[in-house]
Amino acid sequence: MLSRSRCVSRAFSRSLSAFQKGNCPLGRRSLPGVSLCRGPGYPDNRKMVINSGSVFRVRFFQTTAVCKNDVITVQTPAFAESVTEGDVRWEKAVGDAVAEDEVVCEIETDKTSVQVPSPANGIIEALLVPDGGKVEGGTPLFTLRKTGAAPAKAKPAETPAPAHKAEPAAPAAPPPPAAPVLTQMPPVPSPSQPPSSKPVSAIKPTAAPPLAEAGAAKGLRSEHREKMNRMRQRIAQRLKEAQNTCAMLTTFNEVDMSNIQEMRARHKDAFLKKHNLKLGFMSAFVKASAFALQEQPVVNAVIDDATKEVVYRDYIDISVAVATPRGLVVPVIRNVETMNYADIERTINELGEKARKNELAIEDMDGGTFTISNGGVFGSLFGTPIINPPQSAILGMHAIFDRPVAVGGKVEVRPMMYVALTYDHRLIDGREAVTFLRKIKAAVEDPRVLLLDL
């Protein structure tokens with residue numbers, strides 16, 4: 001028996017040595033009762049000293065291997081240069097199981113909301129920032145303990161099979177009807193002789209009717225307060241900054257939309273078939289604005305208040321205002337001077353879809369040299385837009401209405417749109433602003449102006 005035990009112990013030692021050297025034919029499977037920490041998943045090898053004098057002692061020897069990467073700390077993603085901090089709104093709580101790429105929290109910045117997904121399948125161990133707390137780029141947000149598989153989705157509860165319905169018993173005999181409740185006083189027999197006193201006009205009820213609620217008569221008046229979100233605070237700050245910094249002045253004109261409507265009606269089907277895009281009016285105004293900005297480069301420039309210099313931009317990046325439930329956002333169409341109508345429509349559709357889904361990145365709204373705001377989609381007839389700093393001008397579009405206009409000495413009904421240009425009078429003179437707006441008017445009313453570069 002002793003010799004057999006020594007043989008088994010010696011064989012076990014050789015097998016264990018071969019296993020640690022990577023020559024074990026069993027691969028990475030461990031022996032019963034022994035947990036080993038060797039393999040590509042563990043960067044450092046944990047050595048074990050095992051007394052091979054008795055196989056029974058080895059049999060009951062155990063160790064616990066903990067991977068260093070089981071618990072990870074997720075940090076705030078890097079923000080753009082124009083964004084310094086944001087507010088955290090948690091979607092998950094401690095102990096919740098999350099799958100890879102599942103949103104754990106949302107960081108609301110001055111310009112947009114950034115979603116922070118889980119980098120792996122796991123369970124949230126700790127939230128390092130309170131709900132509503134302010135964070136900067138690279139701030140630790142939460143710790144996650146990784147698990148091997150995604151959390152199983154809860155199966156819908158099975159509805160139990162309907163039990164066998166028992167035959168309804170014969171209905172019992174209905175109870176005898178209750179005696180009717182007297183709701184009126186019994187009639188008073190009229191006397192044979194007329195009464196000496198005056199007759200009673202009506203019998204007063206024994207109980208007075210319930211009084212109506214005082215609140216219902218006067219009407220309810222209440223109010224409640226909601227904290228401004230960070231985006232609304234930033235919008236208010238920037239608008240007030242523009243009002244305090246810029247010398248804003250607005251000039252107006254009107255655009256005859258007859259030709260552009262006719263062109264759209266004639267080519268919209270072919271445009272949709274070739275580009276898989278609907279041809280709208282915004283692309284015409286964006287392209288016309290780029291054409292006018294090239295003719296009047298001072299409108300595309302900006303004043304650097306720190307150095308007291310005028311910065312002229314050789315590129316044209318046009319911001320298009322998009323209304324969302326959270327507020328107004330202005331994604332940027334870059335290098336518009338190199339685009340055609342199809343490129344502009346495609347970019348507008350992509351940015352608008354991302355804005356409605358709250359998926360705009362901060363980079364999508366950085367920069368911009370000129371802004372277009374279309375209040376006409378809401379039925380606005382007339383308005384004066386506010387400059388989007390640090391830009392120097394903004395174009396306001398409005399609704400299209402049929403109006404009588406004088407054309408060639410005759411009165412005709414034409415589809416007309418009012419347009420407004422608000423500009424920084426510190427940099428742009430009135431002559432340049434009016435010339436710029438007339439260029440836009442000419443390019444929209446007759447797109448051949450763009451082809452002929454007139």
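The backbone N, Cα and C atoms fix where each Cβ goes, and this holds for glycine too.
Lifted from Swiss-Prot, the feature list:
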| type | residues | note |
| --- | --- | --- |
| TRANSIT | 1-68 | transit peptide |
| DOMAIN | 71-145 | domain 'Lipoyl-binding' |
| MOD_RES | Ser82 | phosphoserine |
| MOD_RES | Lys111 | N6-lipoyllysine |
| REGION | 147-227 | region 'Disordered' |
| MOD_RES | Lys155 | N6-acetyllysine |
| COMPBIAS | 186-197 | compositional bias 'Pro residues' |
| MOD_RES | Lys268 | N6-acetyllysine |
| MOD_RES | Lys273 | N6-acetyllysine |
| MOD_RES | Lys274 | N6-acetyllysine |
| MOD_RES | Lys278 | N6-acetyllysine |
| MOD_RES | Lys308 | N6-acetyllysine |
| ACT_SITE | His425 | active site |
| ACT_SITE | Asp429 | active site |
Nearest recorded site to Lys268 (N6-acetyllysine) by CA-CA distance, among modified residues Lys274, Lys278, Lys308: Lys278
Set of same-chain residues at least 6 away whose C-beta sits under 8 angstroms from Lys274 (N6-acetyllysine): Ala342
DSSP helix/strand/coil residue counts for the domain 'Lipoyl-binding' (71-145): 0 helix, 37 strand, 38 coil
Mean predicted confidence [pLDDT] for the domain 'Lipoyl-binding' (71-145): 83
Pairwise Cα distance for Asp429 (active site)/Lys278 (N6-acetyllysine) [Å, integer]: 37
Per-residue Cβ crowding (10 Å cut-off), top of recorded positions Lys308, His425: His425
For Lys308 (N6-acetyllysine), the one of Lys273, Lys278, His425 that lies nearest, given that the recorded positions are compared by Cα: His425
In three-state DSSP terms, the structure that Asp429 (active site) belongs to: coil
